[in-house]
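Participant: Let me begin by handing over the structure; questions about it come next.
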Amino acid sequence: LPTDIKEVRIEATTIPVDKVTSEINLDMVIKRQVPLIGYIILVCGFFALSSTGTALDLQGESVTPSMKSYWRLIATSIALLPKTIHSLRQDGLPKLSRDQWILFSLAAMAYGQKSTSFVVSLSMTSLANANVFSSMSSLVIILAKGVMGLPILFLEGSGALIGVAGAAICSKDTTPSSHESIDVNDNSRALIGNTIAFSASIGTAAYLTIAKSLRPKCDLFVFMFGIFFIASFFVLAFIIIKKEPVEFSRHPNYGVFGWTNTALNRLPLELYLVFVCNFLGNLSYIAVLKYFDSVVIATTMLMEPVIAVFIGVWAGVSSLPGMHVWIGDAIVTLGSGLVIYSGSSKTELIDATKAVRSKHGAIDIGSSSEGHEQGEDQLHAKMLHTPVIMKRPSPERPVE
């Protein structure tokens, strides 16, 4: 059994059809519990992605946000290529339907949108605000569930709302940014930057939701390569449409392979973004979807600004946070903890009656001349060699 499955059992109940006939209804009950490795992967992804904003800021202001995003996507695609080729040789292309391939492309588009929006927001608002507003995907997922009429667990919903409330408190911090292009007195620019950062949350929510449904049908490396490679074309198209400077060269500022320059803030920094932020970060989040729902991952992202600010201070691209951030971070941590706890265990109930009937025929308990009298009723169980464990009082005489 998979490591997260703790118990599987069959429950049988009888449903009266008429005075002398009843049907057996079979339910398969599966209890899941997130194993320790699930939490380890989640924590690794959390810390790795928390440093993304700082690493992107260190690439300098001479590179446009869109180009930074493109470099990150294409460099990661190249790094994933050998493992992807190996997986394709072994298992071939993922067996997806036409609709699922469309969803795959939409997931890549959503990832490209959220990556670019986040980098653009870094040039318009503070590092703390960019991280906070781009991490509100849990709220987007909860709202989408509510609109679609899907069930929302109490701890899941309340934890997400508490986390978002804490993030809102963080955003009120007035600590000046060390980013030279950001004017702390330009409220309109900061508002636009916060809005763009929030749009990244929408992209993240769409990406995680689609990834949750498609990931079990694809090899992990094939899935991530497809996402990054397709997303890189969306971002490159965005650069061309915006008429930003770009050329097919190694120019350190606007060349599509500019990241390959050996300067400290190019190749070494890009390798950090690829292997730490993307491999350890994004791949961990996708891998842990095996154990957690997408809303748990999204709410965990709310805590990233807590670590991101301190990494930014250490790297010299951010300032120490004010009291609002300390209070907000504590609230975010509380809300995230509630959501993670709500997703730590769950019970699935699967109706197995139809599956048994389709394979073995009808299952019924009713009257039959082959049975023995038990009081006023006659009992006949016709299971057609289907083993079922039932808990019920023993009859006075066994059924033959």
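Backbone N, Cα and C atoms are what each Cβ position is placed from, and that goes for glycine too.
Annotation comment: TrEMBL describes 36-58, 190-208, 220-241, 271-288, 295-317, 323-341 as transmembrane segment. What TrEMBL records for 192-339 is domain 'EamA'.
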Participant: Between 0 and 100, where does the mean pLDDT of the domain 'EamA' (192-339) sit?
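Facilitator: Mean per-residue confidence for the domain 'EamA' (192-339): 84 out of 100.
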Participant: Are the transmembrane segment (271-288) and the transmembrane segment (36-58) close, by which I mean at least 3 Cβ pairs under 8 Å that are 6+ residues apart in sequence?
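Facilitator: Between the transmembrane segment (271-288) and the transmembrane segment (36-58), contact is present.
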Participant: If you count every Cβ pair below 8 Å, which range out of 190-208, 220-241, 295-317, 323-341 shares the most with the transmembrane segment (36-58)?
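Facilitator: The stretch I would name here is 295-317.
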